[in-house]
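Enquirer: One structure, pasted below without further comment.
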Amino acid sequence: MVDMFWKAVFVFGISVLLPIVKGGNCTRDLNSIIDAALINNRRIIQLDVENSTDLRGDCPLFKPTRWFLVRGDRSNRLLLLIYYYYNFFESFIPLTKNKTIILGNKTHSETEQCLLQSVVGTDFNEVCSMFIKDELGFGILVYHCCKLNEICVDIVEDASVWILRLFFLFVTIFLFLYFPKFLPQKYARPIFRFNVIPPMIVRIVKTKSPDKYVVKGTRVPSVIFDQMRELTRSMKSAAIASDTVYQVKIKVVDLLIHRVDILSETDQAISLTQLLYDMIIRCKIRRAKPIKQCMDTPICGCLSGSSKPIRLLSCLNIIKTIVIYTVLALPAIPFFYLMSADGLEYQDLGQQIESCGLRQTSSFYIGTVAGTIITVILCLLYAVYVIIAIVSNSIHEEMADLMKDSIDESHNKKTAVSKRVMELLTTPFAKCGAFFVPFFILGLLLSPLILLVFAIIASPVMRMLIRRCKKLCCTGGLKFYYNPITCGPKLSSFLCLTLLSVFVILTIGFNFLLHAVCIGIINILINLSTAMSIVSLCILIGIYVRDTSRRLTGKYDAYHKSLLLNVLNVKKESVLTEARKRYEDQTSMAFQHTAADFVDYDSIENGLIDDSPTALWDVKNGYLRMCMNGIVLFLDRNDIPYIPQAFFQEMTKINCPGCPGTLGSSIMDALKDLGRIVLFLCFLFILLLAYGDTLYVSPTSRLFATIATGLIPLLLRSFFFTKPPIPSLDASNVRFQNIFQDKVLKFMMRWPVVDAEIEFTTDSNMNLPQAEVDLLFDDDVTHDDIDCGDSNDGFVPSEEEEEGEITDETGTEIQVKPNERQLGERETNF
């Protein structure tokens, strides 16, 4: 009985004294907090404690005092991230935030001992308090961390942390200044000259009364006509009159080619990234008749003031554009929230630093009102850019020109800059001799600063701003005018501002994503055991995706080079004649393939083959476009040949030895193989998760085991289960030659025309009532009223369409004789 009594007294004493040892009143609140943090696998617990006693005079405490319970060795370094990211990455940083805890009137050391006693017996082994320290007039945060029975240490931002922050700052600034450089260079728009041989005869008229004429081609707004400088000069020199039909010969046409529409010998014929862009970003719809008819179905009646119905495809493009630009702007929303919101924690921290007479090391807070104004202006300009991209494709083309002008520099300009730099370095030595050596050494010492200033001034964004300012300050800069291709200086400057808003918002979003990646890497290092399995799985998936992409693109690249060689052989003499010219005398040329290229000249002279050029006209995106029969081969000034991307895709559909087959079937086969491998990798990942911890496999061993086992399928299909290679294309094959010739001659594609050289014929004046004209330049019509051209996808008429029949947008067929096609035999509805 005595033993039982003393046991009861001992248990009662322990139950009474243990809370006192653990800190008295603070234990009850902290036990539940610590348990919740352990369950959620948190490494840091933030506590706001009411405390009125300062520990050190040079480091005032934050009010209320910030205390942190830390779990793990050197986890206290994570405290440097919390307030630098303004508590916005708390979902990434392992932090549990709590309400203010009242411990009574305790000194700092008493609070510290209370918290240390509270974590005894738990995984939390360190207690840290936050101070504001004066460092050269700046207020920096210092974390005073203590462990039980150990010397306390101060966690301060060291040089490595500041180097990382300066790196983020410089990357953000230079990303904004050089943002256009990161845009794909393949989206340039070079101009190629097309010599029309023999000249194309057309009938044109400029009028304000289009009802008097039978338009067999298309109506062209006069503003488009006015931008064709050579054509306008020829018309003015001929002193043409309105309402008079002229018959002219078109001798030269300048074609504006989108770089994405043509393939060079060095381009990848098929790119998985480009395919993803087509499927996800562009939502490109091929020329399948049921889909095309559905897309062309009017769904919303008519536009106000226009008889053109809204097509379903246009509505889908509008929705697609809005979704894309919204997604791109999402990463910038946190920054705008921090700028315009009020009462945030980092703002309170900044005020307390300033109340101590110190300056903040890094803060973009400029006040709620100013931050809201800047946010609203940037968002409005961004919204205007999106609206312009949706409503007016013509102004969007001008924006593309602004962006292109800020990136592109001709070969001559680059050479001139290098010469000027060499002259700048050598001229002082030639004039001053050895006296210039001290200044040269000083220049070398200041070279980083000089290079920095030069990099800022020479950036694409600064060049674009300087160019816009020069245009505004010139004599005609105050004149405001508008046309669908080249806008006036004021409107052009406004479009430049909208572009800058896009650059700023995307740069801010990239900075946010960069910090998110940094925090993600830190979390991977924290949870290394689990992260090793995920990282190894991602590495293996990347290896197999790369291998699948290499196998897929390899066979199409080989086929593309063979196809380009065959196209070049058809126009070999013309290409060599142009390539032999000097660089200064050479221009980017376009060569049209006609039936005469596949027969002898006797057939042409006897009239068996009609070699006269044919074309159909329409207006799209503020440009007059010419649709020509036959593939067009392009040759730039650097003697690099190009063929249309659409023609290559059309040639993949043929059934011939050496052809890799359609892209859709190849992608499906590649996805099947990749799907089997991914299924095996997922099985391996689940196996390691299930038994890795049971067998005490270290993170490093888990990484190497996953990679070694995951590479087995690659070894099997590379050495043991390899498929026989596709035979190379035999260009001499009769079957291929027949298909190639048929596809080349039937291929059709629309090319934007930016200028043309014409010659008036002797019987040019044909002012007859109800005269038929091919091109009618209308002074009273805008490009939006007749902007009804098809997309720029090249195509070959299907077998269901008879030869000589072309299907227009409305589904009606226009009868055209195969060997008697003349210009303008496509009627355009208004």
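Keep in mind that glycine also has a Cβ here, set from the backbone N, Cα and C atoms.
As annotated in TrEMBL:
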- 798-811: compositional bias 'Acidic residues' (COMPBIAS)
- 818-830: compositional bias 'Basic and acidic residues' (COMPBIAS)
- 788-830: region 'Disordered' (REGION)
- 1-23: signal peptide (SIGNAL)
- 159-179: transmembrane segment (TRANSMEM)
- 318-339: transmembrane segment (TRANSMEM)
- 364-391: transmembrane segment (TRANSMEM)
- 448-466: transmembrane segment (TRANSMEM)
- 494-514: transmembrane segment (TRANSMEM)
- 520-545: transmembrane segment (TRANSMEM)
- 674-691: transmembrane segment (TRANSMEM)
- 703-720: transmembrane segment (TRANSMEM)
Enquirer: At an 8 Å Cβ cut-off, counting only pairs 6 or more apart in sequence, do the transmembrane segment (318-339) and the transmembrane segment (703-720) clear the bar of 3 or more pairs?
Expert: no
Enquirer: Test of understanding: applying the rule of at least three C-beta pairs under 8 Å (pairs 6 or more apart in sequence), is the transmembrane segment (494-514) touching the transmembrane segment (448-466)?
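Expert: The answer is yes, given that the two segments have at least 3 Cβ pairs within the 8 Å cut-off.
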Enquirer: For the transmembrane segment (703-720), what are the same-chain contacts with Cβ under 8 Å, counting residues 6+ beyond its ends?
Expert: 532-533, 535-537, 539-540, 543-544, 547, 673, 676-677, 680-681, 684-685, 688, 697
Enquirer: May I ask whether the transmembrane segment (494-514) has at least three C-beta pairs under 8 Å with the transmembrane segment (159-179), counting pairs 6 or more apart in sequence?
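Expert: Yes; at least 3 Cβ pairs under 8 Å.
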Enquirer: Can you name the far-off residues of the same chain, 6+ from the ends of the transmembrane segment (494-514), with a Cβ under 8 Å from a Cβ of it?
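Expert: Distal contacts: 168, 171-172, 175-176, 179-180, 328-332, 334-336, 377-378, 381-382, 384-385, 388, 395, 398-399, 402-403, 461, 464-465, 468, 487.
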